[in-house]
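Feature annotations, reproduced from Swiss-Prot:
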type	residues	note
SIGNAL	1-21	signal peptide
DISULFID	88-108	disulfide bond
CARBOHYD	145	N-linked glycosylation site
ACT_SITE	212	active site, acyl-ester intermediate
DISULFID	264-275	disulfide bond
ACT_SITE	341	active site, charge relay system
CARBOHYD	374	N-linked glycosylation site
ACT_SITE	464	active site, charge relay system
CARBOHYD	478	N-linked glycosylation site
CARBOHYD	528	N-linked glycosylation site
CARBOHYD	542	N-linked glycosylation site
């Protein structure tokens, strides 16, 4: 009898232990298999479920390097999703990088998903799908700090996608049409669309959002039939598909240069790619530095292309023609810029007298790469265009500290602002869905420019990325100043209100959607958390000047 009672007691204790352990490990069942995650706490100490390192595609290695992603196969055992995957193979492009600039792995196509504890919750939550920036060359979805977003009732998703030549090499033919990185994003989006219901997310309320190359990627998903129907709205932060750095020129020429650097024959595309597929990934990544003429400029040697070959292109026409032809996905869109976008990449040299002097002495040679017109202005006009731009923005005298503000404005206008207005105007004119625009000029205690410059704390204004990084970057978002905390919450409210309701709300400010027929450009100016207002500008980004430069870009057929 005693042994029987003991057996019951042990059985009961075992059941309790099993139940407790089971409760400590959140689980979901998806179409590709069961997943076990773990619990984390948000910034305000709210418990949420974390599932990190979920594969959404098969590993693109060996003969699958440079090829479109392949859907992930089902797994039979429970997948332990408690650790982030490796970042994608990349060449780091920041002054803070010391020693080896190459890091990552080709086996990197993974998703991280975060969701408030479900507790048998029935209403499905809106989903925010983050696409990281990094000039299509570096960074990772792993860097996204979700803890602030997990104070809200949304599901947060961050992805990795192939970068640099691994994600954006193009031979301009059937062998490697290109856009593998964008196709990775689309496959990840499809996996989320098909499986997010298991995590408590609503597949019909997915908001894609991204910054810089991530913002341009968001815009590209509006333009691709591959992604149509997989999301409900989007936010492009500091990047659109019209930006010069978001459209790769002379891609086959760059592919051959990479082949030559890897000592592969370049007279036969198929044999060149076979050779490149046999070369060590780290050596290929290291070669990205050979495509940058001055410092890290141009900063996007490998990026999106128009695919003229292949049976399943991501895009087969230029972004401007896709929109103008009415082939753009018609759902709401928000796009905005910050006041000093050009601090990327100007922060690398504006605090350095030696580099400014070098820029002064070699302006005519450097300008086509710094301002990304090397391929869109004929070679015999490079010097003339470089001088014209310099005379307008920098006037007379040497390039030195006195010209820093003008340099930043010049780079902001050319690389971000001009094409931002052009893109939102055209999309608002073609689509029925609303387009909202904003301009952000709040400088927090810390800035991305500190990272880009290698530690300089000089206040040159609001840098590219300062807005989103105040909410998503572990270093910058860990703020204590009351003003920064207030702005942080305002931005979180902005992003999540759009995801939840489909209309952006910023502290009760009046924010009408863009009227594309208005000759003046109107946008919401976020000055600080108490000063938010609509502004009008009839010469935004000095567009009257830039119209005089004959760039072979964003031309209608």
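Counting begins at 1 with the first residue displayed.
Every residue, even glycine, has its Cβ placed from backbone N, Cα and C.
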Looking at the recorded positions 275, 374, 528, which ones sit with their CA no more than 10 Å from the CA of residue 341 (active site, charge relay system)?
none
Which entry in the list of disulfide-bonded residues, 88, 108, 264, 275, has its Cβ near the fewest other Cβ atoms, using 10 Å as the limit?
275
For the recorded positions listed here (212, 374, 478, 528, 542), tell me which residue's CB has the most neighbouring CB atoms inside 10 Å.
212
Distance, residue 212 (active site, acyl-ester intermediate) to residue 88 (disulfide bond) (CA atoms, angstrom):
18
Separation of alpha carbons, the residue listed as 'active site, acyl-ester intermediate' and residue 145 (N-linked glycosylation site) (Å):
17
Residue among recorded positions 212, 374, 464, 528, 542 with Cα closest to the Cα of residue 264 (disulfide bond)
374
Between residue 212 (active site, acyl-ester intermediate) and residue 528 (N-linked glycosylation site): CA-CA distance (Å):
22
Measuring Cα to Cα, how many Å separate residue 374 (N-linked glycosylation site) from residue 478 (N-linked glycosylation site)?
40
Spatial neighbour of residue 464 (active site, charge relay system) that is closest, considering only the recorded positions 108, 212, 542 and their CA atoms:
212
Report the nearest neighbour of residue 542 (N-linked glycosylation site) in space among the recorded positions 108, 212, 275, comparing Cα positions.
212
How big is the gap, in Å, between the Cα of residue 108 (disulfide bond) and that of residue 275 (disulfide bond), rounded to a whole number?
22
Could you tally the C-beta atoms, other than its own, that fall within 10 angstroms of the C-beta of residue 464 (active site, charge relay system)?
31
